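Lifted from Swiss-Prot, the feature list:
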DISULFID  302-312  disulfide bond
DISULFID  311-370  disulfide bond
DISULFID  339-402  disulfide bond
DISULFID  343-404  disulfide bond
CARBOHYD  92  N-linked glycosylation site
SIGNAL    1-24  signal peptide
């Protein structure tokens, strides 16, 4: 019995020595550390000390992590904006002062129109990246085609309908011109050119009757002085009409073109038959194509009602007015998003070497954290501390994708 007591004590000490040392680090504190890392930008982990674990609402531990991640993300956004704008503190400009300063400032509508301010608009599920491979469209020439029978009376007018592909209709039109060839005149003359928008026949008129079923809506009228005995190409600004067609494609039934001289002769070449080759009306467009293409988002996307426990991207709207930051002119709010969730060792990490190190020494590291793996900038129009209006682009303010790293 005397020898058994020291032997039993030795076994107990050996069991304590062989107990896994990483078990004490797991639990609520580790979860809080993961939430703090999720609030960082570009995978950087926050140096903020991990707070004490909050009580779990309705037995939902992931809800606690998620709420803590939201709070850390909002505080991180505030400090990042001030830091990236090189401001020591938020400019002390109230809403009343902003109202007084804005009318004295240069016209801001042009800046708001030219630059994309991410505000209340919904963000697409897939992030956009620059397309550096495909050719971009700059100029589009659309030749006149025959009109639909629904807008014809006794087979007239046959011209002109212009067809545009969906790709062109989703571009930004910088300039649109309609080109019409006018026949030569024997002597100088004044020509009255008019363009009428066509609409389908109504129930009151028929193809052979005089019920006036087809409605003409005048959209352009020009007075042209012709002095040359040779033919003349006349261009007409058509951008406004084109915008209307692109917004409502069903309203594009075509147009009718007339150019009458004093004797009533129509000088506009609108015939699509033989003898008028190369003289048909056409539309010239200068467009700015969106060079960004959609790419499949490899990270998980969740909403606030999701029960997902893995690393996921959640929606978060930043409201500058709620902050009391009236010095920001635009946007007043934007969708920032945040990362939250657990990262298990069994999942491959962002960098292969990280995964290998953790596999070789699983107890020797703090473990992977759910952090942003791709971020994008926002444009901002704001007052600085000298009450000057500044336009700038702030990088890394929108979480596009989350991952474990």
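Heads up, the Cβ atoms here are built off N, Cα and C, so glycines get one too.
Projection of Swiss-Prot feature records onto the structure.
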{"residue": "92", "record": "N-linked glycosylation site", "CB count, 10 Å": "10"}
{"residue": "302", "record": "disulfide bond", "CB count, 10 Å": "18"}
{"residue": "311", "record": "disulfide bond", "CB count, 10 Å": "26"}
{"residue": "312", "record": "disulfide bond", "CB count, 10 Å": "22"}
{"residue": "339", "record": "disulfide bond", "CB count, 10 Å": "29"}
{"residue": "343", "record": "disulfide bond", "CB count, 10 Å": "20"}
{"residue": "370", "record": "disulfide bond", "CB count, 10 Å": "27"}
{"residue": "402", "record": "disulfide bond", "CB count, 10 Å": "27"}
{"residue": "404", "record": "disulfide bond", "CB count, 10 Å": "25"}
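Rounded to a whole value, the Cα-Cα separation of residue 402 (disulfide bond) and residue 312 (disulfide bond) is 6 Å. Listed in sequence order, the recorded positions near residue 343 (disulfide bond) (C-alpha within 10 Å of its C-alpha) are 311, 370, out of 92, 302, 311, 370. Relative to residue 370 (disulfide bond), the recorded positions with Cα atoms inside 10 Å are 312, 339, 404, the candidates having been 92, 302, 312, 339, 404. For residue 339 (disulfide bond), the spatially nearest entry among the recorded positions 92, 311, 404 is 311, judged by CA separation. Ranked by CA distance from residue 404 (disulfide bond), the recorded positions 92, 302, 311, 312 have 311 at the top as the closest. A distance of 37 Å separates the Cα atom of residue 312 (disulfide bond) from that of the residue listed as 'N-linked glycosylation site'. The residue listed as 'N-linked glycosylation site' sits 37 Å from residue 302 (disulfide bond), taking the CA atoms of both as reference points.
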